[in-house]
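Q: Under the heading domain 'Major facilitator superfamily (MFS) profile', TrEMBL lists 20-404. Taken from TrEMBL, the feature transmembrane segment covers 21-44, 56-74, 86-103, 109-132, 144-167, 173-193, 224-241, 261-280, 292-310, 316-338, 350-374, 380-399.
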């Protein structure tokens, strides 16, 4: 009862937003709740389609890499023809491609479809963020981004549960289910999201239209490029919540118990996101976004760094609560920071660039830290993660000084 009351109070912070934001919230839940294919790609190719682990890993890597040019192209086109049109097209294309995959038997034909779908899937998030910026201004933005972030996480929390159940019914159901969710989400956006004739420009001069391409904007706004490097570091560290954590729980508890512990920590993370997003949005609503992003880095430094000394399950839970708070603090404010400093003419491209930098951090984290763990052990992996997060937080303070001098 107390949890329900707390959740009700938390959701009050989202009142008074444009109707289209609530539609995007529901669309995010639907889209991510039906995200059956991506989390199960490795299992699908090895267990259902009979490929070896090496080939399956290569296919998954290529599919993820194809998301990066997809994001870039989507951002560029969205700035030219409109964000809503590109969002609907990209979601629909990703969904339609999964339909023929459901009826294919050749694993390499399915892999080709998945890779092409990955191109379109990669453009959805950055274009969606640009559209949210078009629909809002001022202090509406942190609440709008917070709500849609919550929708993504609710969908992600439910999706794997559904996928795990549907997996027993075969690959056809997995692909068709994912296709349905993509198409349903795109239809919600197509029919119920009203894109403004003139995108909101906010009240600051940084959002005024400018000429030129993405590189010109980054030269004009050096703080955006500097911030993208900070976000790369944060993403590099955050991915250890799955990669480094998997190694740690297996080392502490063994393979079978470790898998259960990892699952419980992911559940704790999901619950933490749902419970903390509203309150932290309220706390940071009237504050400069860099304040929250600095705190996010400090929480990452503490939450991940302390794992160098982990000895018990309780210790892991405390750590998970701390870095989850860091995740939420950054997630609800990062897009506000970007939106407030991006020209209205380049929102798609700048959001795509930040998305690419974030994905690069997520991709590099397991490779680099895997080598660190193999050569020097898990303790150094976590100590280094803590130091990097702290360095990122210090860089945020420097960025504040840099912006003050501009």
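Glycine is treated like the rest: Cβ placed from N, Cα and C.
Locate each feature and note its surroundings.
A: Across the domain 'Major facilitator superfamily (MFS) profile' (20-404), mean pLDDT in this model comes to 91.
Proximity of distant same-chain residues to the transmembrane segment (21-44), defined by a Cβ-Cβ separation under 8 Å and at least 6 residues beyond the stretch ends, is recorded for 53, 56-57, 59-60, 63, 91, 98, 114, 117, 121, 124, 128, 131-132, 135-136, 144, 147-148, 150-156, 158-160, 162-163, 166-167, 171, 174-175, 177-178, 180-182, 184-186, 188-189, 192-193.
Same-chain neighbours of the transmembrane segment (56-74): 41-42, 45-46, 86, 90, 111, 114-127, 348-349, 352-353, 355-356, 359-360, 363, counting only residues six or more beyond its ends whose CB sits under 8 Å from a CB of the stretch.
Within its own chain, the transmembrane segment (109-132) is flanked in space by residues 21, 24, 28, 31, 37-38, 41, 45, 49, 59, 62-64, 66-71, 73-75, 78-79, 83-84, 86-87, 90-91, 93-94, 97-98, 100-101, 141, 144-145, 148, 193, 195, 335, 338-339, 347-348, 351-352, 354-355, which lie at least six positions past its ends and keep a Cβ under 8 Å from the stretch.
If one looks beyond the transmembrane segment (144-167) by at least 6 residues along the same chain, the residues whose Cβ comes under 8 Å of a Cβ in the stretch are 13-14, 17-18, 21-22, 24-36, 39-40, 43, 128-129, 132, 135-136, 173-174, 177, 270, 273-274, 277-278, 281, 331-333, 335-336.
Same-chain residues lying 6 or more positions outside the transmembrane segment (316-338) and placing a CB less than 8 Å from one of its CB atoms are 129, 132-133, 141-142, 145-146, 149, 224, 227, 231, 234, 238, 241, 248-249, 261, 265, 268-269, 272-273, 276-277, 280-281, 284, 289-290, 292-293, 295-300, 302-304, 306-307, 310, 350-351, 354.
Counting only same-chain residues 6+ beyond the ends of the transmembrane segment (350-374), those with a CB under 8 A from a CB of the stretch are 64, 67-68, 71-72, 74-76, 122-123, 125-127, 129-130, 133, 214, 217-218, 224, 227-229, 231-240, 243-244, 247, 334-335, 338, 342, 380-381, 384-385.
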